[in-house]
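Worksheet: the structure to be examined is printed underneath.
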Amino acid sequence: QVGNYKRTVKRIDDGHRLCNDLMNCIHERARIEKVYAQQLTEWAKRWKQLVEKGPQYGTVERAWCAFMSEAEKVSELHLEVKSSLMNEDFEKIKNWQKEAFHKQMMGGFKETKEAEDGFRKAQKPWAKKLKEVEAAKKAYHAACKEEKLAISRETNSKADPALNPEQLKKLQDKVERSKQDVLKTKEKYEKSLKELDNATPQYMENMEQVFEQCQQFEEKRLRFFREVLLEVQKHLDLSNAASYKNIYRELEQNIKTADAVEDLRWFRANQGPGMSMNWPQFEEWSADLNRTLSRREKKKASDGVTLTGINQTGDQVSQPNKHSSSLSVPSNTVQSVQSSYNPFEDEEDTGSTVSEKEDNKIKNVSSYEKNQSYPTDWSDEESNNPFSSTDANGDTNPFDEDTSPAMEVRVRALYDYEGQEQDELSFKAGDELTKMENEDEQGWCKGRLDNGQVGLYPANYVEPIQ
């Protein structure tokens, strides 16, 4: 029918729009892949810190951490998927669309105009004949109507005695003319219809030819879409990637290497009865090197102090079987002060920093840290000790009454240090903590561990983190 080729022409414009839709679809999926990869990386980083600082140890800890390694590797694969979608598939559709559709200066596409002109040219002769058929048909039907009306009037006039013979003759002549008009219009109608029928095969052939050209253009687009979708499927399907399978094969192996017996043996040797003991031995008295100061004695002038629990940094940090040794510090490391000096007066515990907020998040998941220290000294007066174990765990702060502000600095321990009294911190070489106050005249600093415990530590046991 005339004008119905417009649906085929419109399909060309729809093809251009569908290219845009497919590009938008791939772009959104690439963005999802990127966000998922970022979330995997963030999850792995956060939980790796939690597990490493938590109480889990040994082979089970390594098996647990294997999940974070898996997430990091999978994150890399999904970033590769995102890159493939955007750099290959998206660009391929964009370039194909640019080559297949050519915009005109006046709007629209060249391919659309060519198809419409082809259909219009093929249909124009037939449409003209069809118009003639419609006109002949209309004339024939009007003649038939007029004939019927004339016959009806003639019939009615015969029954009317008031009409004279002359009027009756006019009605009869009109009937005769109308019958002749019917024959002429019918003949013309049939002739135009026959010409239309004769032109129809050629018309159909011409229209079919233009339609096939549109079909071929659409076929190229459909085949191209199928090809692109198959490539997208290959990029998204990680199950066939050898590296993806290796990730989970390695994860399974790491989990299977977890050995409860081995972990229990390690804990017994390093944290239980199997660890080497430093039993008390007879020691000669030395005024300069072998004198151990209590916190009360540290307020008075002294010639020297013995610091215990030192380990050098390096390979010893990662060897759990090695224990603290004793190191003597010359008297110039501890300077004399007046007996009335109190290092805890006029001090103020500053507000929580960004790192402290992160530590609070970690404490919400991990009940306590690996490097959590336990007091080695005991006393019958523990009930009156302001630095009880609850304070050491960060539930209360013995320095809440301090008032002077201080600059907080992150420092790293150079040696192991075991606190000698309840108000002293304990840490391992390599641990990080926050220095809350600068070194006093006695060579001590006030700091806070990542688990929230606040106390004193020797200033020369740490170095600032660059």
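Yeah, the Cβs are placed from backbone N, Cα and C, and that goes for glycine too.
Note that the structure is a prediction, hence the values are computed from the model and not measured.
Your range for coiled coil, going by TrEMBL and the list 104-135, 168-199, is 168-199. If you average pLDDT over the domain 'F-BAR' (1-263) in this model, you get 89. Helix, strand and coil counts from DSSP across the domain 'SH3' (406-466) read 3 helix, 28 strand, 30 coil.
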